[in-house]
């Protein structure tokens, strides 16, 4: 039995980056040997075990063969006679196809170290084209390592175009697609992810509503530069699309509710946000009510952040509308409902009276 660190742990150590999760590979062992050594089986599709003390995952070396459509259409074979090289060749990129033994010796049968030095994302073998999910994974790695100067190798981009043209991307489930998009959005340069997808034809297959033009991606780039959360980044990406298109994208990818809500509200209200300084008090009140700023102030704050990131992406140095709208929200929230309740108002009458008082507060705010 031989145990190796594989994949990202080896790659990131060689790049001098922090290593968080470690994937372990076991060569030359049987399921029975693993169980006898106290490992607990957890793999549903192929033999994966949890270490009895650390709880880390250890996978038996395996080969795979394409047996159906999509990223799940593979038959796996795990046995003690599967070699380290046979296991590594099934991996996506050469930089992910290195192994390190317990003595620290690195095994690099597919020249991953050379590609690290050349800053290239290159596929290991032609079998790369059998898994459509790899198109998204490579684009995500391009976004992650763009600050280090990495790019997708020309021959790998050609294979990604082949996958995009084959229709195999349509076999990806919404959940798997969103998982990759979500992870890509949180990278340092998420705009690179969408540029790579555009370059290989995958964006047209997965997100035909999206234009990868600089104006759209500039807002996302600003959001990433300012370390904004996922929902803000998603709304920045979709801003500028008509609400019907935003709704279609949200539903097709099954984005989380928080992301869907902010993207939809941004699509519906971005123009009002930009025109805030000229809006009458009635329109201001309507905008605040639409965001339910009284009960959900953070959602409105996230909207203002999207507006600011979009403005910065368009070349604006500041966004004075944000502070103006924050002041308006504070003025409306400051209205005390207690006197209205004490006056005996209830139900619809109370709601109308409260609305009227908030309108007066906004008018006073505008007068300064």
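The backbone N, Cα and C atoms fix where each Cβ goes, glycine too.
Annotation source Swiss-Prot lists CTP binding site at 8, 11, 91, 137, 140. What Swiss-Prot records for 8, 11, 91, 137, 140 is ATP binding site. Positions annotated as Mg(2+) binding site by Swiss-Prot: 21, 23.
Structure with Swiss-Prot features highlighted.
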{"residue": "8", "record": "CTP binding site", "Cβ contacts under 8 Å, 6 or more apart": "19, 21, 23, 96"}
{"residue": "11", "record": "CTP binding site", "Cβ contacts under 8 Å, 6 or more apart": "95, 96, 98, 112, 116"}
{"residue": "91", "record": "CTP binding site", "Cβ contacts under 8 Å, 6 or more apart": "7, 97, 124"}
{"residue": "137", "record": "CTP binding site", "Cβ contacts under 8 Å, 6 or more apart": "92, 180"}
{"residue": "140", "record": "CTP binding site", "Cβ contacts under 8 Å, 6 or more apart": "180, 183, 184, 187, 193"}
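Farthest C-alpha pair in the CTP-binding residues 8, 11, 91, 137, 140: 16 Å apart.
The Cβ of residue 21 (Mg(2+) binding site) has 10 neighbouring Cβ atoms from other residues within 10 Å, across all protein chains displayed. Compute the center of the Cβ atoms of 8, 11, 91, 137, 140, which mark the site for CTP; besides them, the chain residues with Cβ within 8 Å of that center are 7, 92, 93, 95, 96, 141.
The Cβ of residue 23 (Mg(2+) binding site) has 18 neighbouring Cβ atoms from other residues within 10 Å, across all protein chains displayed.
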